[in-house]
Amino acid sequence: MLCSLSGQVPVEPVVSLKSGHVFEKRLLLKYLEQNQRRCPITSEELDAERDLLALQTATLKTSRTTPTAAILSPEASSVPQLLTTFQNEWDAVMLETFTLKQHLEQTRQELSHALYQHDAACRVIARLNADTATLRQQVAHLTTSQSRSNDGNMDGSSATSTAARAHPSATLAPDVLTAIEATQKQLATRRKAFKKTDGPQRASLLSGLPNWRLASSHTLHDADKSGVTCVAIDPKRPTRVATGGVDKRVQLFDTHAQQLRATLAGHGKKVSDVAFHPTAELVVTASHDKTLKLWTAAASADEAYRVGHTLDGFDDAVTSVSVHPTGDYVLSGALDATWAIHDVRQGHLLSRYALSGALARPGATVASKDATRCARFHPDGGIFGTAAASKVVQMWAVNTLSNVVTLTGHAAPVAALCFSENGYYLASGSDDGVVKFWDLRKATSFLELDLKQMGPDTLELGSIHALSFDASGSHLAVASAQTVQVLKEVSKNGWEVVKSFSEHKAAVTGVQFAPDSTFLASTSMDRSLKLYR
C-alpha cells in the first residue's frame, strides 16, 4: 500500500472516500491547504473531516521488537526539532515533485498538439509552393505567347529586332558564326594535341574494361510512372549524373555520395533527353510535351534549379538535345521532322529547319511523315548530324544551315548518333539492332555490326537506343535491348565486342562514358541507374 503522492509506504495512511486513493495524511492535508481543498488525483472537492478515512494497519516490528512507527517518529529521537524540520522539507519536496509531474504531462500533451499543427502547416506550405511554381510557369508561358503575338504590331527597328527573335532565319547571324568558327579552330588544334598525349593515356584507363563489373545500382524516379529514359554526366563534375524519367522529372544524382541531389519538375510529359552545359551550372532537357527547358542553378541554395527559359514552337515531341561546344547554343530534334537551334542565354530561336531542307516557320506545320529521332553537334561544333525515321543520317553545316551530305545504308529507322572525339568517326544505331561506323572524311560507312544476332532475333529486343564514345575514341558503348555492349577498336576499321553488361531487367534507354573514363553509366525502363567500373 503506497501513498498516491509520495509513492512510499505511509506512516499514517488515509483513504479518500470519493476516489479510493490512499495518501499519507500529513502530505494530503498540506496539499489541500495549498490547492483549495481539491483532490490531487481527481481534482474533486475533498473535506478533511468527512471524506477521509483513517486506515488501521498491523504494526511491523524489527528484530528488537521496536515498532516501525516509533523508529520514524521524531519524538523517538534526541533531536526532534531537527527531524521535524527534515520531515517538513521532505513533505514539501514530495508535493512539488507531484506538481511537476502533472505539469510535465500537460506540457507533453501541448507539445504533441503543437507538433501535429506544425506538420500540417508544412504540408500546406509545400502544396502552396508547388501551386505557385505551376502558376508562375503558366504566366511565363502566357507572357511569351503574348509577346510573340504582338510582334506583328511593332514597327521600325524594334519590329525588326523582335522579328529576328521570334522567327527563325535562313542563316545564323555573322557574330554567331564568328564565335562558332573561332571555337571550331581552337578545338581542332586542341584535338591534335590530345591525340598525341592525353588520348593514349585515356585509352590505357580502359585497358581493364573487360574486367569491369556492376559497381552500384540505384532506383530512381516515381514507381507509378516507372522508367528512366535518358542519362547525362556532367563534364564539369563527373560525379554528378542526370537522368530523365517517364514521371516528367529530371533527377541529379551524386555518384560519390550515393544520394539524390536535386529533382527538376516542370515538364508536362515524359523527358526524352538531358544534357549538361560544358561550363555553366545549366541543365537542358527535352520532353514529349513539345518543349525544351533550360534549368539554371538557383543562387539561394546549392543543388536547387529553376526554369530559366522554356523553348516551344515544335509540333510534336522533342526527342533530343545537344549543347554546342561554345556553350551558347543548343540543338534539338523533334518528331515533327524538324531540328532547331536556340540561343541558350537569351532563350531565342535562331533557326528551325525541316529534314527536307526547307525553313520551318513558327505556326506552320511541316508536311512530312518523317521524324527526327536524334540530333547531335560535332565535337568541334562546325557541323551537326540528324538521325531520321526515314533510315538516313544527314550532316548539316552550321555556317550555312544546309544539308551537306546524306548517309544511307540503314535498313530501319535510325535512333541514335554519336561523334567520336577523334573528329572524323560517326556511329549510328538503328531499330533493327545494327550499328554503322562512318568515316566523315569520305562520307562512307567502313563497318557494320548487327548486334541483335547476339540476342533474341526480334527488332524490338535488338533495337539500338543510345551510343557513347569514350574520350579517347577507342571504345563505344551501345544500349541494345536489355544489355550494354562495349565495342573496342582492335584494328584499323575493325571493332569488336569486348564486354557485355546484362544486369538490367528492361530495355536500356541511355548509356554514357564518364568524361574522365573512370566509369560507365546506363539507365533503363526498370527505373535503375547502373554504374560500371
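Placement of Cβ uses the backbone N, Cα and C atoms for every residue, glycine included.
In TrEMBL, annotation is done automatically, which means it is predicted and not curated.
For 1-74, the entry in TrEMBL reads domain 'U-box'.
Here TrEMBL flags 142-170 as region 'Disordered'.
Annotation comment: TrEMBL describes 142-163 as compositional bias 'Polar residues'.
Same-chain residues lying 6 or more positions outside the repeat 'WD' (264-295) and placing a CB less than 8 Å from one of its CB atoms are 133, 137, 225, 227, 229-236, 240, 242-252, 305-312, 314-323, 325, 327, 330, 332, 334, 342, 344, 347. Per TrEMBL, repeat 'WD' is recorded for 264-295 (among others).
Here TrEMBL flags 311-352 (among others) as repeat 'WD'. Long-range Cβ contacts of the repeat 'WD' (311-352) within its own chain (Cβ-Cβ under 8 Å, at least 6 residues beyond either end) map to 141, 144, 165-173, 176, 179-180, 183-184, 187, 269, 272-280, 282, 284-294, 359-360, 362, 365-366, 368-377, 379-381, 384, 386-388, 396, 401.
Sequence-distant contacts of the repeat 'WD' (407-448) (same chain, six or more residues past either end, CB-CB distance under 8 Å): 188, 191, 194-195, 199, 371, 373-380, 385-395, 455, 459, 462-473, 476, 478-481, 487, 493-495. According to TrEMBL, the feature repeat 'WD' maps to 407-448 (among others).
Confidence across the repeat 'WD' (501-533), taken as the mean pLDDT and rounded to a whole number, stands at 94. What TrEMBL lists as repeat 'WD' is 501-533 (among others).
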Number of helical, extended and coil residues in the repeat 'WD' (501-533), per DSSP: 0 helix, 17 strand, 16 coil
Secondary structure content of the repeat 'WD' (311-352), with strand meaning DSSP E or B: 0 helix, 24 strand, 18 coil
